[in-house]
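Straight from Swiss-Prot, the features:
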ACT_SITE  LYS77  active site, charge relay system
ACT_SITE  SER152  active site, charge relay system
ACT_SITE  SER176  active site, acyl-ester intermediate
Amino acid sequence: MSFNHHTIEELHELLVAKDISAVELTKATLEDIKAREEAVGSFITIACEAALKQAAALDAKGIDPDNVMSGIPLAVKDNISTKGILTTAASKMLYNYEPIFDATAVANAYDKDMIVIGKTNMDEFAMGGSTETSYFKKTKNAWDHSRVPGGSSGGSATAVASGQVRLSLGSDTGGSIRQPAAFNGVVGLKPTYGAVSRYGLIAFGSSLDQIGPFAPTVRENAQLLSVIAGSDRKDSTSAPVQIADYTIKIGQDIKGMKIALPKEYLGEGIDPKIKETVLAAAKHFEKLGAIIEEVSLPHSKYGVAVYYIIASSEASSNLQRFDGIRYGFRAADAKSLEDIYVKTRSQGFGDEVKRRIMLGTFSLSSGYYDAYFKKAGQVRTLIIQDFEKVFADYDLILGPTAPTAAFELDTLNHDPVAMYLADLLTIPVNLAGLPAISIPAGFADGLPVGLQLIGPKYSEEVIYQVAVAFEATTDYHKQQPMIFGGDR
């Protein structure tokens, strides 16, 4: 029996009433994963034994009637540390790495008696926008298996969209939660930088990375964020902000709220069908009583260039720790210490990772630092100031999540610049450290289209409030792909 059409609250009621046990729910989830895995390829590791052991222990202890997450399975992106469960970052470099500690986000989930069911596929070290750079496999879009799921958190998105799991965790450095959420018709949120601890997240761009939730609905997304968020002494970038319940404003009226629509987000490079969907959503918000006005974010056009200098520079530094000495892959034919370093990194990293390491090393090198990295930091400040000016007068910003719907497999993975430009609408949010959500807003040629709502720092509750207002008066989130029992 499958329970994947039940909401978290419905599952909780079944567990509390003992109509099902945690073991039965876990077994059913494992069956859902197995039944769909060949078609979509969401997982790198399925933690059957560990999950069933945890579920049995929970049944013996008893489900907490006051904890809606008690006994709920959770899929975790494979760059988030899980004690005793392989954490590979989808790289040959870490193909056999089994952490001895949990990431804080995972530990928080365990504290709420959630059950980690497996680790999801991703772009190698989270570097990519299509989940095609994984060392292990290519994940496929839940709606059309000839298309990409987005990236880098593609596996976490398809696991939810295809009905393998109800909830999952991803990470977002330049759009890696929101873009795959848009491509697969699910809800994905990138929290404010520092709202969720980065302890245990394998670092890509340390000033940009953020762990966040995927779910089929806005409420369930907010419920999962309430579990994983919070300040953490183990993370020096963790914000001293503690919000117990991110669902607190869900259901409140949005009448009179001012929402900005940047003209740059509907300009050159945006598919006309995506633009049409976003404008229709804007009109829908007006019917709900919100005030929609056009604004300008003039420096957002520089976001992609700024991002790939800063992110690659930070990556070149962060990835220096992978050298074949203490853990992970080591080249077998090395004859000296220098040989170990050179051959291990040459053989262990994929092409995209090596490309970004080289770009970052160049940007940080003597004679080029001022022209590239320092200049990128200055333009980043201008992007931040653009957002601050808008949020002085508006509650939220509205726009598309991605310039197109999901593209076909093997079409952009050999064109790095085209792949990078696919993130032009999500990258500015990371550069500014802001929260943003992608929610289902329609379809273009049968493929899901995501709507992005961006807020000032620590405004997640308001974002959820507005997102639910849209979700509750539309049915896009209810439409499911054929693999999940839908008719598309």
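These residue numbers are counts, starting from 1, taken along the chain as shown.
Cβ atoms here come from the backbone N, Cα and C positions, even for glycine.
Note that the coordinates shown come from a computational prediction; the quantities given were computed from them, not determined experimentally.
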Inter-residue C-alpha distance, SER152 (active site, charge relay system) and LYS77 (active site, charge relay system) (nearest angstrom): 9
SER152, SER176 as active-site residues, winner by CB count within 10 A: SER176
Rounded distance in angstrom between the Cα atoms of LYS77 (active site, charge relay system) and SER176 (active site, acyl-ester intermediate): 11
Packing count at LYS77 (active site, charge relay system) (other Cβ atoms within 10 Å of its Cβ): 34
DSSP-derived structure type at SER176 (active site, acyl-ester intermediate), helix or strand or else coil: coil
For SER152 (active site, charge relay system): DSSP state (helix, strand, coil): coil
